[in-house]
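Only one structure is covered here, and it is reproduced in the block below.
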C-alpha cells in the first residue's frame, strides 16, 4: 500500500524469478520487490505454524538450545539501539512456552501477563511480550560457533534466485506478542521471508535520510533513525513531517518475501506469533570494492563534495555544526535505560577469577591498575570522586575534559596504554576478578558484616570505569571486549559480561559511560575529518585556513 511516496511503486512478483532475472530486474536497480508465495514451498511453512502444532515441533527440535533474545521495557517497540534494550539468554523451550502462554491467554481472554510456574527463574523479571527472538543465526559464514539453530536449516530452502549468492547469514525471527522494530537500515542486501503470521513493512530509500534523522555516524547505532514513525516530535525533528511522502508500505502474509536493498530504511510491525527467516548477502557493489581501494574511493567521494563549491554560508553552517556537536557531546544527553540485574549462576569462569589465582602478568596488570587509579583518586576530593553521575547529568566540565583528550596519543594515556598491552584473555580474568570481589564486598556490607579489607582493590573497577576512562581508553576497552567475544565460548562470554556489569550499583550507567566515551572518540575522528575537508577546500582555493580545535 502506498503512503504518499513520490517514487515508483514497489514491484510485486507472483512467480519465482531466475537468478539472472532477479539480478538484472531487481538487485541491480537497488529497489525493493515483493515475492508472493516465495516461502510457501518450505517444510517450515507447515511445520513451524504456531496454530498447527508448530510450537510443539520447534520445542522438540531445538528446545534445549540456549538462545539470546531482545528484552525491551518499552514493548511492543523493540529499538535496535544498544542503550534501549537488553540481551537475555534463555532456553528456546522457555521462549516457546511464552508463546504457548500467549495463545492460552488470548484463547480465554485473560491476557498474556500471567507468569508460568514452569518457566526458568531467570525469566521472572519480565513479561512474555517484552521478549523478541530477533536475528538468531541459522547460518553465519564468519561465526560458525554462534550458529545454534542450524538444526532448523533443513526446514527452509534458499530461494533459487539466491543460489549463486554467497550468503553471509540466515537468521530466525519470532515474537509471541505484537512487536515493532525501530526504523533502520542494514549494510547488506536482505530477503525477509514470513513463514507464519504477518508483517507490515514501511520502506524509505537512502535519499530520505534527511527526513529520518539518522543517529550520529560516530555512534553505536548509526544505522538507526532518531524519529519514531508515529507522532514524531516535529519541534525537534521538523523534516520528519515529510518522511511518509518518501515511504511505501507493504504487507507480507505467510509465505511472502520482500527484497530490501542495502541502505534502505525499513520499519517492521509483526503480528502476534509471527515467525520469519531472513537472508543477508553482500551486494555486488560492496563485493567489488577491495579494501586496498578504500583510500582512493574516499578521496573521490571527498573530491566530489568539494567540486560542489560550498558557499561561504555553507562553510559557516558546517563550522557552527561542528561547534554545536562539540557542545552537545560535552553536555551529554544520553538517556539511561533501566537495566535490572539478571540473577547470576555459577560458571567455570569463577574458578579462574580469584585474585589469588591470577597468573604473574595478570597480577602485575592488576597491581598497575590499582596504582594508576588510586594515584588519580588521591589527587582529587575522594568525597566527590567516587560518586557517580551518568553522562547525561554530569557536569559539562568533566565531559569536556574527556572530549578534549579524545584524540591524545595512545602512549600518553596511561589507562589506554595499559589496556592495549594486556592480552584479552588476561584482561578478562583481571576484570572478572575485580568484579567478583567488588560484588562480594558489597554483599558483606549489605549483611552488615565488618571486614578489614584493602578497599582500594575493590574501588578500582568503579573508579576506572566511572571516572578515569577516557575516550581513547574506552575505544581500546571495547576492542578488547570484541576479542573476548571471539575467544570465549557462548556460556562463559555471557557470564563474563553479566558478572562485570552486575558489580556496578547502576549497570546501565556503567554501560552508558563506556559507550558515550567510545562515541566521543569516534566523534572527534569525524570532526577532524570535517576540518580536513574545510582545510582542503580552502587550499584548493588558495586561501588560508585556521581553526582552533
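Even glycines carry a Cβ here, placed using N, Cα and C.
What you see is a predicted model, and the numbers here were worked out from it, not measured in a lab.
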Checklist outcome for this item: Cross-ref Swiss-Prot: Fe cation site 184, 186; candidate in list 242, 266 matching that site is 266
Checklist entry - Roughly where does the domain 'JmjC' (125-296) sit in mean pLDDT, to the nearest integer? => result 91
Checklist entry - Residues near the Fe cation site, 184, 186, 266 excluded, by Cβ within 8 Å of the Cβ center? => result 181, 183, 185, 190, 223, 260, 264, 265
